[in-house]
Amino acid sequence: MANRRRDAGREARQKKGPWRSRRWLILRRLSQLLVLAMFLCGPWLGVWILRGNYSGSLLLDAVPLTDPLMALQSIASGYLPGTLALVGAVTVAGLYALAGKRLFCGWVCPLNPLTDLAAWLRRRFDLTPTAALPRYLRYVLLAGVLIGSALTGTLLWEWINPVSLLGRSLVMGFGSGALLLIALFLFDLLVVEHGWCGHLCPLGALYGALGSRGAL
């Protein structure tokens with residue numbers, strides 16, 4: 001059958017060649033690996049470029065970088081973040097607002113290769129979605145995270161944040177948290193295409209809202 005989903009991109013590769021047709025994907029992967037390496041070279045090699053994790057870190061022990069969602073959860077729970085954390089949140093929010101809504105999800109997030117692999121396998125084996133979810137659901141979940149933090153007085157999302165979980169697991173080893181990562185992969189593979197990134201992730205929803213008028 002013509003135009004099968006698993007043949008997506010073949011015409012572009014034939015017309016433009018392997019590099020030109022894949023250059024943005026390759027650059028995105030290099031960017032994601034570079035950010036991850038900057039986190040891991042500290043605990044692995046003793047060279048601290050980014051000290052911390054994806055929720056909060058220091059660049060070269062000087063520039064604070066804070067996940068704006070974590071800062072919002074802290075405020076919602078009744079605890080004002082410290083000065084460094086607030087400066088880091090404003091810095092990151094400003095960067096993504098200027099650069100665009102795709103910067104974090106496409107160029108930084110360590111989960112993106114995992115969900116992209118699920119999408120590629122869906123196309124390769126011509127799997128059809130078994131469910132459909134509205135894209136606005138992730139904004140509902142974002143609101144739920146903030147309301148839940150306010151009601152419980154905790155950073156609710158940080159208990160299950162798969163982005164931070166993946167980073168910690170690469171340093172301390174994969175424990176029971178690996179089950180969540182496997183579940184997200186299987187959800188994207190078997191249930192909803194791009195289900196996590198495109199329909200559920202509250203972090204992506206926040207960065208998407210911040211960068212809605214950005215350059216990328």
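Placement of Cβ uses the backbone N, Cα and C atoms for every residue, glycine included.
These numbers come from a predicted model, not from an experiment.
If you look at the transmembrane segment (30-50), the same-chain residues 6 or more away from its ends with a CB under 8 A from one of its CBs are 57-61, 65, 107-110, 112-113, 167, 170-171. For 30-50 (among others), the entry in TrEMBL reads transmembrane segment.
Among the features that TrEMBL reports, transmembrane segment is placed at 70-98 (among others). Counting only same-chain residues 6+ beyond the ends of the transmembrane segment (70-98), those with a CB under 8 A from a CB of the stretch are 55-57, 63-64, 104, 145-147, 149-150, 152-158, 206-207, 210-211, 213-215.
Taken from TrEMBL, the feature domain '4Fe-4S ferredoxin-type' applies to 82-126 (among others). For the domain '4Fe-4S ferredoxin-type' (82-126), the DSSP counts in helix, strand and coil order read 37 helix, 0 strand, 8 coil.
Summarising the annotation, TrEMBL assigns transmembrane segment to 136-157 (among others).
Under the heading transmembrane segment, TrEMBL lists 169-192 (among others).
Annotation source TrEMBL lists domain '4Fe-4S ferredoxin-type' at 177-211 (among others). Within the chain carrying the domain '4Fe-4S ferredoxin-type' (177-211), a Cβ under 8 angstroms from the stretch's Cβ atoms is held by residues 67-69, 72, 93, 96-105, 109, 111-112, 114-115, 117-119, 121-122, 127, 129-135, 137-139, 141-142, 144-145, 157, 160-163, 165-166, 168-169, all 6 or more beyond its ends.
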If one takes Cβ-Cβ under 8 Å and requires six or more residues beyond its ends, the residues near the transmembrane segment (136-157) are 69-70, 72-74, 76-78, 198-206, 209
For the domain '4Fe-4S ferredoxin-type' (177-211), the DSSP residue counts stand at 30 helix, 0 strand, 5 coil
Across the domain '4Fe-4S ferredoxin-type' (177-211), the model's average pLDDT, rounded to a whole number, is 90
